[in-house]
Amino acid sequence: METIFAQSSAFGKAGVAVFRISGPKSLEVLQLLTGRADFKPRIMYYQQITVPKTIVNSASFAYKEPRVEPITNRRATSDIVSEGGSIDYKELIDNAMVVYFKSPNSFTGEDVVEIHTHGSKAISIMLINALLNIADIRLAEAGEFTKRAFLNNKFDLTAAEGIADLINAETIMQHRQAIRQASGGLEELYNNWRTQLLKIISLLEAYIDFPDEDIPDSVLNDVNNTHKNLVNEISNYLNDNRRGELLNSGLKLAIIGPPNVGKSSLLNFLMQRDIAIVSNIAGTTRDIIEGHLDIGGYPIILQDTAGIREESSDIIEQEGIKRAIHSAKTADIKIIMFDAEKLDSSINEDIMNLINENTITIINKIDLIEPNKIFSIENKYKCLRVSVKNNIALSSILKNIENIAENMAGFTETPYITNQRHRHYLKQALSHLTAFSLDNDLVLATEDIRMTARCIGAITGVINIEEILGEIFKNFCIGK
C-alpha cells in the first residue's frame, strides 16, 4: 500500500493547519522532516519541521507561488559550508506539534502521522512541496483516508457516508442525523436484517446439502416467520416519505400567492436581509428567488415566486407564473399569502388547488383593515393573520414552518434512509424478498434470499459467502 498525505484542514489563513500522512512510510517521513528517530505512538511532540537537505539541494524541488525565500536566521544547527562555498542547510518550515499513530490503532488502520502547523498558506505550500519531493509518497485522492479506513474494517460504508454528511452538516438536525449514522446507527439496523437473512440461508442450505440429517420440519416454519417479518420491516422502512433525504438535502418551501401581497417582503424577513426587490408595482418578481435558512435546526430552502393571477398579457410574467405553480407543486412546504384588503378578489382556483396538509395560509396587511373585518376573516378562513411590514405575529410563521418540518423530517427511534443509494438497494432487496416462496424449488428460493442479503451487504459494503458456512456449522452438528 502506498503512503499518502494531504492537508486535512482548509487551505488558507487559520490558527492551525493539520496535515495527515498514512501508510507504511509515515513514521519514516516524520523522521526525515524532523531529524528525530524516537517517536512513541500517541504522544504529541513539539518539533521543528524542516525541508530535508537532500530536497533543498535537489534540482527537482521548487516552491510554487507564493515564492518563499529561505529564512537564514532560522537555520538548523547542522548548517555547513559546502565545497562551492554556499550554505547547505535544512530550511525551517515551521515549529509544529506532531503525533504518530501506530497501525492498527489509527483512523485508517495504517501507520498515521499528523502534523499541526500554523495556518499559513506559505507554510502549507512549503510542506506540501517538501512531501511531494520525498520518494514513495504521494498526494491522497479525495476521500482516500476514509476509503482506507473502510478497507481496514474501521467502519462500514454507511458510517463513511455519515462522516461525509457530518462534514457537510449545516444545522443541528442534520448534525444529529449524521452523527447517528457515523456512529453506526444504520450499520446496526442493516446488519441485523442481514444476520436474519444469513440464518435463513444457512437453514435452507442445510436442507439442500444434508437431506439425510434429522432436521426438524419446524425449521421451515421459522424460515417463513422470519421472512414475513423482514418483508414487513423493510416495506415499512421504505415507506418513510424520504425523511432522511429531506433532512440531508433541505426542505423546499415555496412562497406563493397573488401579485403584491408581500411575498418578497416575507422572504426578506425570513432571510434577515434584502435579497428580493420589494415594490408596490404588481409583477415585480418574475423569476424564482432562492435563499437557505435554518429554522428550528431544519434546513429550509426558501423560494419567492412570481405573483399568480389568472390573466396576464406579459409573456415574461406568464412564464414566471408557470414557474411559480411548478415550484409550489414540487415544494415540501408551501406558504400561500393573501392581501387582507383584497381577500375575496385574490382567491383563485389555481392557488386554492395548491393547498394541502403542509400548507401555511397567511393573510398579510392585517393592520390595514378594520377590527370587525378581522373577526370575519377568522370565521371564514383558517389562516395566520400577520403584517410583515409592521412585524405583527411573524413569529407564528416560523413556529408553523418548524412544526411542519418536524412532522416531515423529525427524529424517530429508527435511523432513516439518508441517500438514494440505500433506497435503491433496499428496493432491490425487497423485490428479491417478496419473490421468495418455499413452494418454489428450494435452490431457487435460497437464491432469492441470497440476493436479498447481497443487496443489504452492498449498502454496508460487507459481502462474504464464508459467513453462510459459519452459520451452518454454528447451528447444526453435521456428520455427527
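Every residue, even glycine, has its Cβ placed from backbone N, Cα and C.
In Swiss-Prot this protein carries:
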{"type": "BINDING", "residues": "Arg20, Glu114, Lys154, Lys480", "note": "(6S)-5-formyl-5,6,7,8-tetrahydrofolate binding site"}
{"type": "DOMAIN", "residues": "250-406", "note": "domain 'TrmE-type G'"}
{"type": "BINDING", "residues": "260-265, 279-285, 304-307", "note": "GTP binding site"}
{"type": "BINDING", "residues": "Asn260, Ser279, Ile281, Thr284", "note": "K(+) binding site"}
{"type": "BINDING", "residues": "Ser264, Thr285", "note": "Mg(2+) binding site"}
These are the binding-site residues: Asn260, Ser264. Which one scores highest on other Cβ atoms within 10 Å?
Ser264
Rounded to the nearest Å, what's the C-alpha distance separating Ser264 (Mg(2+) binding site) and Ala306 (GTP binding site)? Just drop the number here, would you?
9
Under DSSP, is Ser264 (Mg(2+) binding site) helix, strand or coil?
helix
Using DSSP and collapsing to three states, where does Ala306 (GTP binding site) fall: helix, strand or coil?
coil
